[in-house]
Amino acid sequence: MGKEDKTHINVVVIGHVDSGKSTTTGHLIYKCGGIDKRTIEKFEKEAAELGKGSFKYAWVLDKLKAERERGITIDIALWKFETPKYYVTVIDAPGHRDFIKNMITGTSQADCAILIIAAGTGEFEAGISKDGQTREHALLAYTLGVKQLIVAINKMDTTKWSEARFNEIIKETSNFIKKVGYNPKTVAFVPISGFNGDNMLEASTNCPWYKGWEKEVKGGKATGKTLLEAIDSIEPPKRPTDKPLRLPLQDVYKIGGIGTVPVGRIETGILKPGMVVTFAPSNVTTEVKSVEMHHEQLSEGVPGDNVGFNVKNVSVKEIRRGNVAGDSKNDPPLGAASFDAQVIVLNHPGQVGAGYAPVLDCHTAHIACKFAELLQKIDRRTGKAVEESPKFIKSGDAAIVKMIPSKPMCVEAFTEYPPLGRFAVRDMRQTVAVGVIKKVEKAAAGSGKVTKSAAKAGGKK
């Protein structure tokens, strides 16, 4: 396969705080990854000087994370690694303060979640206990449409590579992920040591009893021994190029000599120079002069591309972060007057009733929305209603809620445009709930601003 032919996939790594996520992820990036040798040598030297030699893989990640938190790394290449079949991007290194928020508003949908479980006595139990983070992260991944899962059972060296312990953990974890919604038969369970490297890229000699993992896939079975092979057995995603354009703006820049340049990630559809786009909810329509990525002109941008595009006769004051660009001729985006969403309350100290008005983070928008009406309480796993018009909901509950944004915002139904149909509910500096939008009541399309160039471009086509 030529270098360019590989499919790009996104994975999210979840698990308890001490499961060894950083070490395992660091190891993959380190061995197959986008970090150049010079950087690694620099990290190793620093780690040794600080007496942190034993943490070298985690250290790689800590350094990257520190840079990311300080806003230095625009260069996400560091978070990439390559398998024989895929280019893999680690969407979020957990342990990050805003992991839950990032996963929802996150720059992209994960194609697969890798759940890392620590095999050590007591460690495993802590990780999947009732209030464990692991449960919350796994539930979140499932709710947000990440339907593929790999389970890596880490720190097997601390159990002296005990087959009995491995089987016990598979049994417990299978029950656990089944409750969340995953089918264990479709999941690869891989015993690893993220630190020593066993079964990461090459089969380990420390577990002669281990015959390999197997899982059901469309049209048969997939088998393998290592975590890398398990990642390669992820079913490739269908990228939504055939859907109408949706591009949530991350920023809008004013660049001397060029003009107004909105920047964001194409979630669905295609963006080309010469297209006439409409921004919602600000209701501005204009022509796209040029599209670029990494300082190179593009003839077209596709889903997943982070692009900047130059628009004619629109000032920086008219469009802003949180607006969504779409094709004015093909299902253009509109503001939402209200929307119904399935909301899962994760951790709210009290009860949530009608009138509650927290901030919603949906794609790049950050806007207060009122819980106008609790329509029904539902069973989280089946989605069936268990109570009509409940008075309030509390932690652990799921409900269908009618929501009204406090100011114009553009959202979509999850089934139509997934990245614009999931949100985090933020209150008290944490994520108190997550939601998936079922249907949207669009605001009436008023007569917005249409620039001259848009009218002209619209006329000639």
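Each residue's number is its place along the chain shown, starting with 1.
For all residues, glycine too, the Cβ spot is worked out from N, Cα and C.
Model, not experiment: these values are computed from the prediction.
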Of the residue ranges 154-157, 170-173, 378-381, the one that Swiss-Prot records as region 'G4': 154-157
Local confidence of the prediction over the region 'G3' (92-95), expressed as mean pLDDT: 53
Collapsed DSSP category at Met156 (GTP binding site): helix
The region 'G1' (15-22) - residue tally per DSSP class, helix then strand then coil: 2 helix, 1 strand, 5 coil
Long-range environment of the region 'G4' (154-157) - Cβ separation under 8 angstroms, sequence gap at least 6: 19-20, 24, 116-120, 123, 166, 191-196, 198, 206-207
Separation of alpha carbons, Lys80 (N6,N6,N6-trimethyllysine) and Lys31 (N6-methyllysine) (Å): 11
